[in-house]
Amino acid sequence: MLNARFLVPRLLCLQGRTTSYSTAAALPNPIPNPEIRYNQLFINNEWHDAVSKKTFPTVNPTTGEVIGHVAEGDRADVDLAVRAAREAFRLGSPWRRMDASERGRLLNRLADLVERDRVYLASLETLDNGKPFQESYVLDLDEVIKVYRYLAGWADKWHGKTIPMDGEHFCFTRHEPVGVCGQIIPWNFPLVMQGWKLAPALATGNTVVMKVAEQTPLSALYLASLIKEAGFPPGVVNIITGYGPTAGAAIAQHMDVDKVAFTGSTEVGHLIQKAAGDSNLKRVTLELGGKSPSIVLADADMDHAVDQCHEALFFNMGQCCCAGSRTFVEESIYHEFLERTVEKAKKRKVGNPFELDTQQGPQVDKEQFEKILGYIRLGQKEGAKLLCGGERFGERGFFIKPTVFGNVQDDMRIAREEIFGPVQPLFKFKKIEEVIQRANNTRYGLAAAVFTRDLDKALYFSQALQAGTVWVNTYNIVTCHTPFGGFKESGNGRELGEDGLKAYTEVKTVTIKVSEKNS
């Protein structure tokens, strides 16, 4: 049932994105209390309790109340899942003998099922994660559907080539699947991150053991049921719920896992890289933290820059690895920009994420909530000027008022460390070379943005900024068509786009002796 009061254009403008929805389309009503249908481990296309029989609670961040309990997988369960994935990857198995085009058909079928259950999945995501329903439905689910369809199209187009070589030989290359892929996904975009990991792995013929975030397991488990319904053979996809130090570590350390892909904090990324090296030198893809700069030059469109820098930070409650968490503004426009930024932050609607006009929901859990408030206190202690927000919103749940700091110095911890919350620090700069040096003076390098009307300056910044993605006069434009990943301690490897397929295949060279070679 559609609610015609709340139209899509505001949300599309929020991210500068276009979706398959007409701007005249109304949002459907959410399901405020979606039924929890799955809470067990998904191994070999079957549902299982944890070997230990342990469970853990998943909490509604809007209220702080327990939604339900989910199986707590650990090393023993990971072993079972890896065994199932290895059997599914066995030479001559149904999955290995399946045509690449058929793998693409299965991924398209999965996209169809996600589209069919879009309202339910978006509602489940909002319940477990706390993000506004309109963002779950319009942005996240749109990206999920597109990533499965996009990678489905690549399934029979990612291939080797013939190579002319000297002598009486014929040579060609094969792009072969890596094998059993361990995947560990975060809680900030559960379904999106699941799609980013699963789609390229399956398109290229791998099998998967995925550990989902303990804060947000529900939507990933429901999607597991759709994987079975779509027709993927047993063992191709296995979903484990559990904690990072147990289930996640077991995947990273496992001697029969050929590759691990992780999205999360830089600190955990270091541990996973080390575990991979200490075990079987499994291939590693890491998409980690960020402290991304948004740079506003004096010639920028002021209204547009204020809007974009606001959403660059506050989108998804600030819980975004590529959030624009350092806003540098040229000195001549700094005070006007600051005033407009504070005004916009004060107007941001915080509240129940199931209400269709809500712009900001709660932080994902109590730990994250308290960590962010701690950084706000630290910023004040270090001498930054608190201009708005800085405290909890409401009496229950994990809500924080949109917070803006001025007078922030580069050596402050709120300027150097990833806060991962609705806290926007503003900085002043005078010269282009100065701001480039300051923007790059971080251990991170995930993303950056520049706002200017001068094309020469925009191109210069795009070359000078040390980041995997540079946006010009926009922010947070991430789609399945383009590679995404970081420089420095923001990770290694790329996800999405054609480049993202490389991480899931090995290139094999086959050379054949021939009796006579002709051109």
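Just so it is clear, glycine is given a Cβ too, placed from its N, Cα and C backbone atoms.
Lifted from Swiss-Prot, the feature list:
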type     : residues : note
ACT_SITE : Glu287   : active site, proton acceptor
ACT_SITE : Cys321   : active site, nucleophile
MOD_RES  : Lys53    : N6-acetyllysine
MOD_RES  : Lys54    : N6-succinyllysine
MOD_RES  : Lys54    : N6-acetyllysine
MOD_RES  : Lys366   : N6-acetyllysine
MOD_RES  : Lys366   : N6-succinyllysine
MOD_RES  : Lys385   : N6-acetyllysine
MOD_RES  : Lys385   : N6-succinyllysine
MOD_RES  : Lys401   : N6-acetyllysine
MOD_RES  : Lys401   : N6-succinyllysine
MOD_RES  : Lys428   : N6-acetyllysine
MOD_RES  : Lys428   : N6-succinyllysine
MOD_RES  : Lys431   : N6-acetyllysine
SITE     : Asn188   : site 'Transition state stabilizer'
TRANSIT  : 1-19     : transit peptide
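The highest number of surrounding Cβ atoms within 10 Å, among the modified residues Lys366, Lys401, Lys431, is found at Lys401. Between the listed modified residues, namely Lys53, Lys385, Lys428, the fewest other CB atoms within 10 angstroms of a CB are found at Lys53. Among the recorded positions Glu287, Cys321, Lys385, Lys428, Lys431, the ones whose Cα is located within 10 Å of the Cα of Asn188 (site 'Transition state stabilizer') are Cys321. Each residue contributes its Cα atom, and for Glu287 (active site, proton acceptor) and the residue listed as 'active site, nucleophile' these two points are 9 Å apart. The DSSP secondary structure for Glu287 (active site, proton acceptor) is strand. Around the Cβ of Cys321 (active site, nucleophile), the same chain contributes Pro186, Asn188, Thr263, Glu287, Leu288, Gly289, Gly290, Leu446, Ser490, each under 8 angstroms and 6 or more positions distant in sequence. Look at Lys53 (N6-acetyllysine): DSSP puts it in coil. Same-chain residues at least 6 positions away in sequence with a Cβ under 8 Å from that of Lys54 (N6-succinyllysine) are, in sequence order, Ala71, Glu72, Asp74.
With respect to Cβ neighbours within 10 Å, the recorded positions Asn188, Glu287 differ, and Asn188 shows the lowest count. For the pair formed by Lys53 (N6-acetyllysine) and Lys366 (N6-acetyllysine), distance between Cα atoms is given as 26 Å, rounded to the nearest Å.
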